[in-house]
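Trainee: Sending over a structure as structure tokens; questions will come in a sec.
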Amino acid sequence: MDANDYPRLYYTSMPSSSTSMVTTTRFSTSFSPSIPCHRQENFRRHSTSALAKRNGSESEKSAEIRENPDEIEVSRVSGRDSSLAFYTTAHETSSMLSRDSRDETLTPNEHIHQASSRRVSANDSVFEDGYVDFVDEPREHGSRRKSFEKFTDRNGEEKEGRVFELSTPQPTREAAPGAHQFQLPTLLVTSTPTTVFDHSDDEVWTPYRPPPNREYSSSSEPMMGDLTFRLQSGIHKKSIAVEGTEIALRDLRNEALQFIKEIYPEKGCSSLEDYILLYKHDLRSINILQLITTSSDVTDGTLVEVVIGSCPQNERIVVHPHTLFVHSYKVPTFCDFCGELLFGLVKQGLKCFGCGLNYHKRCASKIPNNCNGSKQRRPSAIPLSPSNSNILNLNERRHSRRESCLEALDAARPSSTLGGAATPNIFITSDDCGDAVGGNYLQMPRKDRSCSWSGRPLWMEIAEATRVKLQVPHTFQVHSYKLPTVCQHCKKLLKGLIRQGMQCRDCKYNCHKKCSEHVAKDCSGNTKASQFFLGSQADDGASEDRDDDLSLRSGSGAHKKAQNTPSAPLQGSEGSGSPGPVVSFAANALSNMPDDDVISSESANIPLMRVVMSKKQTKRKNNKLLKEGWIVHYTDQQNMRKKHYWRLDTKGITMYQDENTTRYYKEIPLNEILNVSMSPPDKTADYLFEIRTGVCVYFISGSPSDEKGSSLDAQSWTTAIQSALMPVTPQSSVVGGKRIDKLKVPTEGETGHLGAKIQTEHEFSQLYQIFAEEVLGSGQFGTVYGGIHRRNGQHVAVKLIDKLKFPPNKEDLLRAEVQILEKVDHPGVVHFMQMLETTDRIFVVMEKLKGDMLEMILSSEKGRLSERTTQFLVAQILEALRYLHHLNIVHCDLKPENILLNSNSDFPQVKLCDFGFARIIGEKSFRRSVVGTPAYLAPEVLRNKGFNRSLDMWSVGVIVYVSLSGTFPFNEDEDINDQIQNAEFMYPPTPWKEISENAIEFINGLLQVKMSKRYTVTKAQSQIWMQNYTLWSDLRVLEKAVGQRFVTHESDDVRWQAYEKEHNVTPVYV
């Protein structure tokens, strides 16, 4: 490359006399592509003769500038002739300071101001465009100048600032004769951007600040408007005027995009808007270029720098690795990730050099890479290494760019796919220079160095950033901590001996009860299922209130941006500041508890939840596509042939206009199809197969292209439709490659195991249509699906039992539920409709209801029911049990999931279902077998002792307890007798202080360990809690709606009617 091809640099030398002419000397700059442009130090002198000219003419200078319009001129006043100051860029030379002598020429101080105003931090991304800034003046070799902290501005006011400290330039010889190479100084200390000092004569230079609307280029004339600002990109500028006092960010980006397209018309980019960054020039800040994040950043006279990034900004993930090293703590300190105490005498944990946070060694591999590098006080013993010297301005830059980084993370999430597509670009801050613990690794003591202590790997950051974020609230419950733990929200100690605080049962986030209301809704889910994502919502931009979301907490639930104040050792009332054993620390902490911080009064029992054994009603959103294709068809009512694109799914057949549209001509639900058959073998029929419904018959004559494969295609269509009509594909009964022992499968026409006539699945499919995607529940012997009766359209629940899953000795278990359902007939028991048996399966058809009692409890406002609603439901349950016990039928698996509701009202009718565990037990008989769900079983069953019908009454007591409190009554870790005898444990003030004593007495009568002391159904119905006028009135309203009196008795009418007259109550059941 020829020297003339380099960007040009002008040198100006002025004696102290103000009448001297300004002489310019042309320099060419040399840059190496392998070295960052702001680290370049070698400049080649292009003309040695020009350097000797100290009194050149102004016309020479003007001619040089006109000849080289891309060159820069920088002037500087000095008491010596050889002072030097210049400024350039690597990729394209800026002409911000270029002036023709006949135009408005800047004063030397103006040049100084312009040169210093373009100084930016090395941390800023604008260095991707290669800004360079050097200042030099002659002095003796090796000399160092002291800093001047005070200076006088042009108004005579004294101000404070920082100064340049430079090395001495050393001329070196080059191979080419007559040429010299200068090693330019290296900037060590960043100065105040608007202040330049001359140390040669200890004089102070006052920079010139130009007016806001002063134009430096006439590339575009400004328009008249209320808001005027300028766009700049390299040597190009443009003035923009808009109406109003603000411009929207979208309009500003559009103006910048149009500006770039105008000045670079030959450069085409399909998604240029993704690469554009907008900065404003702010001379008052340390970083001159400030990222524009809001419309208020652009004011009248603002200079907007348009920067084109190297990668799309919506694919960048900002990663700030922690600088961890082993640390010995002299006072008790807590982990900022899990909140537990760092145990040990020495080397208890890890401390981040950047942000000062403290972690367990076991937590090091789980913490997010979100260090903010803002430790309040950096130890003076550890100096800044060159690789980390640019961290000085890190806080200011991140403060101004915090929200832009968050928005970049939000935009980056959908860019990563599972199929191996391009992953988002990762921007790692300069804290991490390749070593495992950060840039200061070599400056730590050797004994504290470690190559294993680092945050989670980058692939986890990518997976976390691209993961869909939802506002999932924490599920807090009272927890007793065995180790001293701090609240991860307020960073204060959780005090007490037991039940010190609240812990999320999913992500194990710990906090005070009073702080639980202020914790962000960012639960990360079960920690056992996702070990490596225990708090990975770093830089989450989903929440609009980012200032709150980025508040001072870090924990297992969601590890936010690291806080400025880490978990410091407890002081004052929170603990003794002196080092000592953990025992004395805990004792001091407990003795200093304030009065207002009392131990939580909530129950430590397990919250009510759906037991794994039963499924909640689910339904897939998208039906499975079974077959599709073009079909030509007609009906028995219309002979005109029509062509449509048929799609067969689990719900029906849909006829679309074409393959891609969503508009359809007609839909045939599967429950309306009565039969599908091929055409007769004779050649008289002009169709391939027919679909018979209750309204008409569809004849399929083929596909639009009548080929040889039409008959084969017709066969596949009939097979697919018949498969869709079949109830459910039977599950395999093969285990480990060998078929298990099964019941003897009778042939068609024989009597089945349950005494029912064997029927084919085709016959069953003609009566009922089962929706395989609508699973209502799953029990011991089978799965319950939703279905519909084809003829009358009644919705039913079909329990499908696979006989091949049971060995021969379990045949009685298959027969028990069907026999009980056939035997009972009561409004409080689910209605049995029909039972059909095929060669390998049994179909039990029952009525379908709206939901279950558990769903009603969980969906209530407080997570529990009121006493009035609970009394209403329990009264119906007791009446159904009274009927079953009269028939010597014990349910044995009574729980809210098996109590169905026929409506979504506040006072619905309930019915008992799922008699898979039911037993026939006499009044004085006992059974010994495995039955029921452990959470609702009586102690005698859990201890494998004999049980009788009082087993159901224990289950009723548990149901009443969970309905009123929303939690299970017992904790599995303690003996059940001890828990029952401990009234404080069983009935904590929250919420039992709001519940009547009669309700507690009713529960105590049912939850009796001794069966002889447990309430019977009759005694429970006559208990005082179940005897009040409001309950009787509500039940009478229900009976009126059902049309049958099945809960209350006529003998009670006289008593309650007298109550109405005595209290002047108007009955609502009439």
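Glycine too: its Cβ is placed from the backbone N, Cα and C atoms.
Here the structure is a predicted model, which means the values were calculated and not measured.
Swiss-Prot lists these features:
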type	residues	note
REGION	42-77	region 'Disordered'
COMPBIAS	55-69	compositional bias 'Basic and acidic residues'
COMPBIAS	152-163	compositional bias 'Basic and acidic residues'
REGION	152-178	region 'Disordered'
REGION	200-222	region 'Disordered'
REGION	537-583	region 'Disordered'
DOMAIN	624-726	domain 'PH'
DOMAIN	770-1026	domain 'Protein kinase'
BINDING	LEU776, GLY777, SER778, GLY779, GLN780, PHE781, GLY782, THR783, VAL784, LYS799	ATP binding site
ACT_SITE	ASP893	active site, proton acceptor
MOD_RES	SER925	phosphoserine
MOD_RES	SER929	phosphoserine
Trainee: Could you state the CA-to-CA distance between GLY782 (ATP binding site) and ASP893 (active site, proton acceptor) to the nearest Å?
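Mentor: Rounded to a whole number, the Cα-Cα distance is 15 Å.
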Trainee: For each of SER778, VAL784, count the other CB atoms within 10 A of its CB; which of these binding-site residues has the top count?
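Mentor: Max Cβ neighbours within 10 Å, all protein chains included: VAL784.
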Trainee: Find the one among the recorded positions LEU776, SER778, SER925 whose C-alpha lies closest to that of ASP893 (active site, proton acceptor).
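Mentor: So, spelling it out, the nearest of the recorded positions is SER778.
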Trainee: Whole-number Å only: compute the distance from the Cα of LEU776 (ATP binding site) to the Cα of SER925 (phosphoserine).
Mentor: 34
Trainee: For the domain 'PH' (624-726), how many residues does DSSP put in helix, in strand and in coil?
Mentor: 19 helix, 47 strand, 37 coil
Trainee: Taking every residue in the domain 'PH' (624-726), what is their average pLDDT?
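Mentor: Computed over the domain 'PH' (624-726), the mean pLDDT is 82 on the 0 to 100 scale.
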Trainee: For the recorded positions LEU776, GLY782, ASP893, SER925, which one has the sparsest Cβ surroundings, going by other Cβ atoms within 10 Å?
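Mentor: With the recorded positions LEU776, GLY782, ASP893, SER925, fewest surrounding Cβ atoms within 10 Å: SER925.
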Trainee: Specify the secondary structure state of SER778 (ATP binding site) as given by DSSP, simplified to three classes.
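Mentor: SER778 (ATP binding site) sits in a strand per DSSP.
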